[in-house]
Structure formats: C-alpha cells, structure tokens
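Enquirer: Sharing the features that Swiss-Prot gives for it:
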- 171-187: compositional bias 'Low complexity' (COMPBIAS)
- 301-366: region 'VHIID' (REGION)
- 332-336: motif 'VHIID' (MOTIF)
- 417-508: region 'PFYRE' (REGION)
- 603-617: compositional bias 'Low complexity' (COMPBIAS)
Amino acid sequence: MLAGCSFSSSRHQMSTAQRFDILPCGFSKRGSRGDGAAPRVAGDARSGATTCSFRTHPAPPVTQSVSWGAKPEPGGNGNGAHRAVKRAHDEDAVEEYGPIVRAKRTRMGGDGDEVWFHQSIAGTMQATAAGEGEEAEEEKVFLVPSAAAFPHGMAAAGPSLAAAKKEEYSKSPSDSSSSSGTDGGSSAMMPPPQPPEFDARNGVPAPGQAEREALELVRALTACADSLSAGNHEAANYYLARLGEMASPAGPTPMHRVAAYFTEALALRVVRMWPHMFDIGPPRELTDDAFGGGDDDAMALRILNAITPIPRFLHFTLNERLLREFEGHERVHVIDFDIKQGLQWPGLLQSLAARAVPPAHVRITGVGESRQELQETGARLARVAAALGLAFEFHAVVDRLEDVRLWMLHVKRGECVAVNCVLAMHRLLRDDAALTDFLGLARSTGATILLLGEHEGGGLNSGRWEARFARALRYYAAAFDAVDAAGLPEASPARAKAEEMFAREIRNAVAFEGPERFERHESFAGWRRRMEDGGGFKNAGIGEREAMQGRMIARMFGPDKYTVQAHGGGGSGGGEALTLRWLDQPLYTVTAWTPAGDGAGGSTVSASTTASHSQQS
C-alpha cells in the first residue's frame, strides 16, 4: 500500500498552489484539530466565510520528495506476507491442473452475507449494509488528503456542513444522498457523522457499528463522486478524508475493503481533474496496470481459482464447448490471446488424451507481453502433455493484443483452429478500429470458433461517469462479497492478494478516461451487437453439457449464493450464453462465436492463409 507521501504544484509555480498529503495512518482524530473548515457546497449562495479544505501553502511551493514504499511491520522485513501466500498456494498448484475437486471452505462467523443497496447517483446505485464483525486496530493507508481533518463537532468559520445538511433535510424529508451533479446545483452531503461506538473492554467497534459504517461508506462514496461531477473539490476533499477514516483494505466487512480501493481511485481522479492545483508522481503500478500487475496478478489468479468458481467457470465451461468443436479432428490448434499462466489448458489436454482416439497433434499458441511468463507457461504445459502421452507444441507470441499479426501465429494447413479470449477483448473497446482489426485477424486464421469470456459489465463501458461509477461500485461490492464468502481469516494475505487484483481494475475504471481507461466491461447484449453488426461473427450457442458443467462448478463453491443463468435457452439446457451470478449480480459471461457466412465450415485453414504465413516467415 501507499506510504507517507505529499505532493504539491511543482510544475505550476502559482501562489494558489495546494497541497495534498497522503499519510500511512489515515487521518488525525476529529478532536485533535480545531481549525478544520467545512467544505462549501457547490452552488451554495452563503457567505464566503467557509474556507477551502485544500490548504494553501503558506510559503512558495517547493518540490517535495515522495516516498511510496510500503511501511514495514515492526521487527520484520515486509516480505513475510508475500512468502506466506506463495507457500500456501504453491502446495496447491497441482489442483489447478487436475480434475475439478470440491474446495474446502469455512464460513465467516457473521450472518450478514447479503448486500442491499438504496437509490443513489442517477438512480442506479443502492447503499449497502454488510455483515457484522469486530474491527481490530490496523494501520490505514489511503491516497487521500490529510489536510482535510475536520473536528468531530464540525465547527468552522461560517455556516457548518452539519447546519447546511440539517436545513436540507428540513426542506426534503426523503433520504437522498446524492444529486446528478450536472445541473449546477449543490453536491449532496451525507448526514453529520456520529461518534464511533467502541467496546469499553477491548477498544474495537461495538456490535452493529461495522454495518452502520458500511452504509455510511456507500453514502460517502456516492456523495464524493457527486462532488467531482459538480466540480466541487472542497466537498470531494472532505469526503475523501471521511472515507480515509473509515475504509481499510483490512476492514471488518467487504464494504470497508472495497471502499478503500474506490477511495484511492477517486483520489487519483481528483489529481487528474485539477492538475494545475496538484502534482503527483505515483508508482507505475498505480497508473500502468499492464506493468504493475506482474507476479501479483499471477498469484492473485491462482488464489481466486482456489477460493471462488470464477476462473473455473470461465475455463472449464469454454473447454467443454471447445471439446465439442474439436470432435473428430486429428490436428487441433488453440490460439489464446491472453494465456497468462495457462490455467485453462491442462484440463483440456487431459480431456483430449482421455478420448478413444486422441488427436495426433495439439498446438497451443499463447500471446502475452512477458517473455519469461510465456516460457514458463509453455514448459509447464509441455510437461503435462508429455505425462499424458500427447504430441504437443507450444508457440509463444510476445506482443500486445492489438499488435499481433497473422504471420506471428504460425497457423498451418489442415489444423482445426480455435481462438480463445478470456478477459482480454474488453481492453480493445477503447478503440473501435482496434476491435474491428482484431476480429478481422481472428477470421483470417480460419478459426471454426471464437470463445469469449468477459465481465458482465452492464454499462461500465459507456454513459455518464456518475452512472458508470455507481454500476462499478455495485459490481465490485458483489465481487468482494464473493471473495469474503470463501471464509478466509480476516487477516489472510491470500484474501488481500485476491482483492488487490480487483483493486487494479477499480483504479483504472474510476480514475482514468479516454484511451487510458481500458477496463471497459460490456454486457452480453453489447458484445452480441459488436460481434454480429460488422464483426463478421454469429452466435454459435452454448450446449447443455457446458451448462451442466458451469452449474456443477457453481454448486461446489456456494449453492445458495452462486447461480448460472442461460441466455436464450430454456430448462436445464444451454442457449446463446451462460452467466455466473453472485446473488442477483451478474459477474461473468461465456459465449461462443463462429465466422458468419463460412460456407465451408472453416474446418481447415485456407490456402491463402497458409501462403500469407509462408511469405512472412
């Protein structure tokens, strides 16, 4: 996490330069400062006595040093948690390559598993109250302004925020916690926070306090987003400070933890919205997710594979569809455009080897940006294939998804080719031309089928930022609840590692815009429109076998929480798509597509495709 840091206007030498502090321990207690000023509500016609919560430098701005290293634990070197996670999951690595087994789990002690939301920004967000739990003392680390320390009583020069909110409530009895933020009106403020309740015996939050804080966190997040939409940096600063006091990646409920990462993303967005006021140099992992994931993403994916059905649902369901496509073919070729650690393919190799007549040759082409990771994945898959007695070949392509060309893929005559895209194609939605080119590349391989596994975004790709923020909060709150349901201990480094993978998605989806925002999740209906209207593909359907596989995996991890929904099909059979849901929230959808108008059926690669490869080679 972030260590102590401050940043100032080093490029813009202005007398109005502001400072944004990031401290490793949250914020000072409300009673410790008496000079905090309540933020001015956007459009407020009251007196200008209210001071700006972004403090002005008393002296000319000076470039300040920044330290982003994580604060080590007392008496340790800070690497213990990483080693503990690695040991725990290296022992279980063989499970990822074997048959599906029932995961051993325990349930959390609390009884508050469901998440309920109330109406909020643009009528799309709902507040949540998560389960009970006692919050231990922990160090809170957030990208939030430490200068925004407000006294508990919220006393300040001029009209206080509490008084303003009281007047607002007296005018409108409805419990509205946000506004559209686009009409120039005031940004909605949440009710004055109440003093936290503590158990006198051990100093931890009293029973029920965690649920109340979870509800307040949702209100603060939506109000902060509303303030950003209204251009009110003073109110946004206040809410970021308030969120920093309550939210924590080690919090007692999933809402505390997901709110911590949304707070960080909102703070990054503040910096990007007012670059003339603030200057920050965060580490590359905060701004470049492709660089910052690395080994952390690899380990997080393995952990997620062990504690949730998400990777297994995507991989095994698509593998069942792929096996049906490869039936009767002697030479098969899978092109995986984001292979990562190759967790999907040992199961496929086992199924192919178990056939009465296994294929004579199996080729997997893996695309990725890390040469070392691709080499390790290829060696691991080669060992699995050798143990199964399969003739196997792995081909690595080191390049970005949008830069791959046909000649790099080594497609050969006589192969039955399948294209696999799991959690990869959504990164192309930032550029329609790039997506069109990629679909053209997929068709040019002569593939008989394109397998697609993606987030069921439901509007996270387009629309107003406020609405996208609300949908993202609902989506990732459900994802954190799903991780929490695995029953890992509250201080588990494995759980933290899995949640940090979602945090990188949150950071990009909330803080960035334009070409820099590549976490653009689309719904199944949106993907169908893109694939069929100009993409050159038609839906190939998901069969009953695939549907049974997906439902079996969901039942393994939580029959009362996870469900699998078929689109365009009835009964227990398949349809056009399958969606994995957590309670009422869709999470991930798998689909299969075949080139439209392929009269020959696409069973073999055309002579022109082979000739193109030969010329380039």
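Count begins at 1; order follows the chain as displayed.
The backbone N, Cα and C atoms fix where each Cβ goes, glycine too.
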Enquirer: By Cβ distance under 8 Å, which residues at least 6 away from the ends of the motif 'VHIID' (332-336) in the same chain are close to it?
Expert: 322, 326, 342, 344-345, 348, 352, 359, 361-367, 409, 411-412, 415-420, 422, 445, 447
Enquirer: Could you pull the average pLDDT for the motif 'VHIID' (332-336)?
Expert: 98
Enquirer: From the DSSP assignment alone, can you count helix, strand and coil residues within the region 'PFYRE' (417-508)?
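Expert: Residue counts for the region 'PFYRE' (417-508) by secondary structure: 55 helix, 13 strand, 24 coil.
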